[in-house]
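Under the heading ATP binding site, Swiss-Prot lists ARG24, GLY65, LYS68, THR69, THR70, GLU131, ASP132, TYR133, ARG174, TYR184, ARG221, citing sequence analysis as support. The Mg(2+) binding site annotation in Swiss-Prot covers THR69. Annotation comment: Swiss-Prot describes ARG294, ARG313, ARG318 as DNA binding site. If you look up Swiss-Prot, you'll see 4-184 marked as region 'Large ATPase domain (RuvB-L)'. Swiss-Prot lists 185-255 with the feature region 'Small ATPAse domain (RuvB-S)', giving sequence analysis as the kind of evidence. The region 'Head domain (RuvB-H)' annotation in Swiss-Prot covers 258-338 and is backed by sequence analysis.
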Amino acid sequence: MIESDRLVSGKARSEEQVIERAVRPKRLTDYVGQESLKAQLSIFIEAALKRQEALDHVLLFGPPGLGKTTLAAIIAFELGVGLRQTSGPILDKAGDLAALLTNLEPHDVLFIDEIHRLSPAVEEVLYPAMEDYQIDIMIGEGPAARSIKLDLPPFTLIGATTRSGLLTAPLRDRFGISHHLQYYHHDELTQIVMRSAKLFEVAIDKEGAEEIGRRSRGTPRIANRLLRRVRDYAQVRGDGMITKALADEALELLAVDHLGFDALDRRMLLCLVEYFGGGPTGIDTLAVSVGEERGTLEDVVEPYLIQQGFIQRTPRGRVATELAYQYLNIEVPDGRNS
């Protein structure tokens with residue numbers, strides 16, 4: 001299974017980009033959740049505006065779908081400057097980054113998604129750009145080649161990554177503001193679903209929004225995706241109104257259970273408990289048993305299961321907790337610690 005094909009994947013789908021832009025809040029006051037980050041950003045942005053300076057460079061990290069791109073757009077909007085967007089894999093050569101940087105206006109925001117995937121050559125260009133607002137470029141080839149310095153306008157780099165551990169120390173140290181985005185609470189997701197339903201012109205009651213929010217794995221992108229699928233169900237099998245009962249029917253049909261787990265989550269838990277006695281089991285062994293790539297389990301499936309207390313990651317491997325046994329309706333073996 002391709003990770004982006006999962007209904008409960010936090011990764012963006014290409015066809016969702018237009019829809020996401022339509023429901024994306026423009027101001028910090030409209031942004032739901034991440035209260036600590038919002039409070040900090042509000043102060044930093046106001047201070048930068050008062051000093052008429054570029055905002056410090058910002059690093060946002062955390063699981064996919066939590067609003068890193070949305071926050072970058074909000075920061076640019078609140079600063080009243082332009083936003084240029086790109087991603088690590090697209091910036092293949094140093095010249096690609098140099099072209100972007102030299103076209104920035106003063107105090108503009110440059111947003112680089114998946115910044116951990118920058119090549120070393122591109123990263124080298126970024127260091128002096130971030131520190132001194134300068135870049136070195138080579139003119140000519142061979143013995144006649146020479147390096148010249150180009151001054152850049154002051155700008156703010158916002159880097160986003162789902163794998164902060166892969167960032168090099170020199171790059172990480174150049175960010176003045178760094179924040180880990182957390183999974184959202186149920187009440188925050190309910191607010192997001194209610195807001196999106198209004199923008200989609202979908203009839204929904206609070207209990208229906210709560211049911212969708214409860215199964216959204218703490219992730220706004222998943223909440224909005226589930227809302228659209230439940231809307232389809234409501235229009236075909238119901239009267240267009242999303243209630244708790246209808247949301248429950250729709251999501252059960254879509255195989256997203258009351259905890260937001262799908263078939264892949266259940267398969268991983270079942271393999272760990274039934275095939276390996278609850279562990280400890282190595283991630284490579286689990287990946288083969290589940291039939292998925294190690295990276296998919298490690299970066300996408302595991303974090304939510306760990307956060308919900310169903311799996312523990314130990315030096316000897318993955319271990320199923322008592323919650324996992326209860327969820328699968330399997331008796332915990334005697335003498336096994338939770």
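Using N, Cα and C of the backbone, Cβ positions are placed for all residues, glycine too.
Note: the CA-CA distance between LYS68 (ATP binding site) and ARG294 (DNA binding site) rounds to 25 Å.
The DNA site, placed at the center of the C-beta atoms of ARG294, ARG313, ARG318, has further neighbours from the same chain whose C-beta lies within 8 angstroms: THR281, GLY282, ILE283, LEU286, LEU297, GLU298, GLU302, ILE311, GLY317. Residue pairs drawn from ARG294, ARG313, ARG318, the listed DNA binders, are separated by up to 14 Å at the Cα level. For LYS68 (ATP binding site), the Cβ neighbour count at a 10 Å cut-off comes to 23, with all displayed protein chains included. Looking only at the region 'Large ATPase domain (RuvB-L)' (4-184), the predicted model's pLDDT averages out at 87.
Look at the Cβ of each of the binding-site residues ARG24, ARG174, ARG313, ARG318 and count the other Cβ atoms within 10 Å; the largest number goes with ARG318. Shown are the binding-site residues THR69, THR70; of these, the residue with the fewest other Cβ atoms within 10 Å is THR70.
With the fewest other C-beta atoms within 10 Å around its C-beta, ARG294 stands out among the binding-site residues ARG221, ARG294. Farthest C-alpha pair in the ATP-binding residues ARG24, GLY65, LYS68, THR69, THR70, GLU131, ASP132, TYR133, ARG174, TYR184, ARG221: 37 Å apart. The binding-site residues shown are ASP132, ARG174, ARG221, ARG313, ARG318; of these, the one with its CA atom nearest the CA of the residue listed as 'Mg(2+) binding site' is ARG221. Here ARG221 (ATP binding site) is positioned 28 angstrom away from ARG318 (DNA binding site), judged by their C-alpha atoms. Rounded to a whole number, the distance between the Cα atoms of ARG313 (DNA binding site) and ARG174 (ATP binding site) is 31 Å.
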